[in-house]
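Copied over from TrEMBL:
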- SER10, HIS70, GLY146, PHE147, GLY148, GLY149, GLY177, GLY197, SER198: substrate binding site (BINDING)
- HIS35, ASP37, HIS70, ASP175: divalent metal cation binding site (BINDING)
- ASP37: active site, proton acceptor (ACT_SITE)
- ASP175: active site, proton donor (ACT_SITE)
Amino acid sequence: MAYSAKIGPSILSSDLSCLGSECVRMMESGADYLHLDVMDGHFVPNITFGHPMVECLRKSLGQDPFFDMHMMVSRPEQWVKPMAAAGANQYTFHIEATTNPGNLIKEIKESGMKVGLAIKPGTTVEELAPWANQIDMALVMTVEPGFGGQKFIEDMMPKVNWLRSQFPSLDIEVDGGVGPDTIHKCAEAGANMIVSGSAVIGSEDPRSVIALLRTVVAEAIQKRSLDR
């Protein structure tokens, strides 16, 4: 079993006027990686930030933080090279946004980044399955992408469960409405990479929330390895 519990705060939930120091605060609170939501106003109705900000964050934070770019954009092909040059570590694109996932996966790898493949709540996990052996991570959205603070959709857990049963060593990420109240369901289903926005960043004690999330996931991973 090659996967482990990793917690990635979604920095879009932080005070964007001091994003650099917010990233530092999250890393110092024990975050394993940072989840950066890129929205273009087309694929999703909201607009956030792009590669110039990623470049500034990389310069400010140094090489240490792992940047997981969640590309909620209608032309993911367009931003692979700029994001790689800006210092992104993983490029997670939506299967709904491209007609040629295989080619895009190849481009991302050639640019030196890891590959994440995301599906919206309305997309079946079978659409992701043919690419699962070529990617580093599958992202199962547990809310409709585009806005923070939404309610967790528990009906997405069978997708996670199915992916974990079919691809036992794949990194599986969940994103949307995940926090102390919903982490047990995610962990039991088989998710190991946990994106959490307001539950971590809005907390008075983010360190303890991150530790709690990680413990629940690590225990579920251990239980799964014993049950096999």
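Every residue number used here counts from 1 along the chain in the order it is shown.
Each Cβ is built from the backbone N, Cα and C atoms, and glycine gets one as well.
Keep in mind the model is a prediction, meaning the values are calculated, not measured.
Cα to Cα, HIS35 (divalent metal cation binding site) and GLY177 (substrate binding site) are separated by 14 Å. Taking the mean position of the Cβ atoms of HIS35, ASP37, HIS70, ASP175 as the divalent metal cation site, the remaining residues of that chain whose Cβ falls within 8 Å of it are GLY8, SER10, LEU12, LEU36, ASP68, THR92, LEU139, VAL195. Listed in chain order, the residues near the substrate site other than SER10, HIS70, GLY146, PHE147, GLY148, GLY149, GLY177, GLY197, SER198 are LEU12, SER13, ASP37, VAL143, GLN150, ASP175, GLY176, each with its Cβ within 8 Å of the site Cβ centroid. Least crowded of the binding-site residues (SER10, SER198), judged by neighbouring Cβ atoms within 10 Å of its own Cβ: SER198. Taking CA atoms as the reference points, SER10 (substrate binding site) and ASP175 (divalent metal cation binding site) are 9 Å apart. Comparing the binding-site residues GLY146, GLY148, GLY177 by how many other C-beta atoms lie within 10 angstroms of each C-beta, the top residue is GLY177. Packing around ASP37 (divalent metal cation binding site) is summarised by its Cβ count: 25 other Cβ atoms lie within 10 angstroms of its Cβ, all protein chains included. Within 10 Å (C-alpha to C-alpha) of ASP37 (divalent metal cation binding site) lie the following binding-site residues from GLY146, GLY177, SER198: GLY146. The Cβ of ASP175 (divalent metal cation binding site) lies under 8 Å from the Cβ of SER10, HIS35, HIS70, ALA118, LEU139, VAL140, MET141, THR142, VAL143, VAL195, each of these being in the same chain and 6 or more residues away along the sequence. With a 10 A radius on its CB, HIS70 (divalent metal cation binding site) counts 27 other CB atoms from all the protein chains.
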